[in-house]
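Engineer: When I checked TrEMBL for this same protein, it listed these features:
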TRANSMEM  21-40  transmembrane segment
DOMAIN    27-495  domain 'Major facilitator superfamily (MFS) profile'
TRANSMEM  127-144  transmembrane segment
TRANSMEM  179-200  transmembrane segment
TRANSMEM  212-235  transmembrane segment
TRANSMEM  241-259  transmembrane segment
TRANSMEM  321-342  transmembrane segment
TRANSMEM  354-375  transmembrane segment
TRANSMEM  382-401  transmembrane segment
TRANSMEM  407-431  transmembrane segment
Amino acid sequence: MVVKENIDLEHVLSKFSLTRMFYVKFLSLLLFSGVTNSFYNVNYVFAAADVRYRCKYPECDNKNSEVLNFTFDNRKCTKYALLNEAEYCSVENIDLSRGTSCKEWVYEEKGSFVEELGTACEDWKRTLVGTVHSFGYMIGLLIVGPLADKLGRKKLIVFSGITAATMGLGRSITSSYWVYVVLELIEALFGDTYSATFMLGVEMVTKENRVIFITLMTASTALAGIVMALIAWALPYWRHFLRAIYGPSLFFIMYIFLLDESVRWLLIKGQKEKGKEILKKAAEESRVELNADNISIKCEDGSTKTDMVTLLKITFRSNKLMLRFLACVCMWITGIFNKYTLLINSVELEGNKYINFGLTTLSELPASFVLGFVLKKYKRKMPLIFSFILTGIFCVGQSFVPKGNAWLSLALFLIGKFMATISYATVYLYTSELFPTYTRNTMHALCSSLGRIASILAPQTPLLIHHWPGLPSVIVGGLSLVTGTVVIFMPETSEDVLPDTVREAEAIGTKFGPDTCTRL
């Protein structure tokens, strides 16, 4: 007689080494998804970059004229009459009282987004691209999050990756500004692969390996920012730049055959045989003995027959989870506001914008490795509290640096960005550990979506400089200090396996901990 044993999923996954073929291939596919998604989020900084242009003066364009230099930076949307057309095209020879709106322009850089899509003297059109992307991404998370919980992580990754590739390549060939904006919106709504990718990775590794996974994902996105800056530098023509960063995303078609679904999600959805097949393959590729035929699955959970709305109601009915949700929204708003405010202002710094962007992103690379160390040694709460508080201290300090101390100001700016990276990455992992499996992606997406309000506000922070140069940094610092205080009241999650039900999620951080539902 064959005796079947009940083994929880965490125990089975612990048998597979991250250095064996199964996890090497699996994590490589997830890292590719993370890198390409990083290209999507802020490529408009380069694709829709501002350029210098001036009103076209046919009578002066073939001459060495002071008027041309004058109109590059002053009154570039108005064409002024010459006082005496027979005289030299000098600043003194223009009549500032007689001006007409420009109809034609001369651009310092040929073939720019501004020139080819006709946004000269309509700067709001250029900045609208980023706003549309942020708004679409915010709404899109509310769509793809629940779909990932309902249909599976893998299907959403494939669909979103192909959608992003199609919309990005479509933008690279359009000659219409409004078509460009519509494609940008569709991509933002349905092209986010990171959320489902992250959740798939977290659910397919043990609690000990979650820190390694978040470290790899954070490092890969940091490298992606550097690579994107180099691509933009090497391919300054915006159409070529878009094709270079979106072309590789067509590879997501192959994910249909190469990527495995989350076993944890399959088990909670009652698809036990599919889960067993993946574990059998993982065992073979990891050279581990695992007799899946003699394994029974025991999971007393009704989520397979319950619709998503009901599951969300069950989740929110818990006072503990509701309070955690509100705290998570606070953390996401602050984390995203810090990330985008500091990143956006980096291209406004004096010097080469590509280098500035690359250096600011480069600060995320060492932060990702420090992240791995602090999360292993100090768990979740302490790194979150101190990274938020230190971000606040350095950013507030940077705002009060007197003029003439450029290096001190830059050093505080980069250290603040360093700490902001640690807090943002930790929030991403921490949120995924707080909620049950059947609504994990939805709750994570909901927190992230509400947090994206900050990404809409962040592009407006440069306007605050006109009131006081240090105001954006003070806001970043103030939010960080408040959020660091909020985290003090949150539970520690590092020692617990991922919860599968509301009851298990409520037990997170207690001496009892959650009892795993996903048993094999």
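Glycine is treated like the rest: Cβ placed from N, Cα and C.
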Engineer: Can you give the mean pLDDT for the domain 'Major facilitator superfamily (MFS) profile' (27-495), rounded to a whole number?
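Structural biologist: Within the domain 'Major facilitator superfamily (MFS) profile' (27-495), the model's average pLDDT equals 85.
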Engineer: Ranking 21-40, 127-144, 212-235, 321-342, 407-431 by Cβ pairs under 8 Å to the transmembrane segment (179-200), which is first?
Structural biologist: 127-144
Engineer: What parts of the chain pack near the transmembrane segment (321-342), using Cβ distances under 8 Å and only residues at least 6 beyond its ends?
Structural biologist: 315, 360, 384, 388, 391, 395, 413, 416-417, 420-421, 423-424, 427, 430-431, 434-435, 443, 446-448, 450-455, 457-459, 461, 472, 475-476, 479-480, 482-483, 486-487, 489-491, 502, 505-506
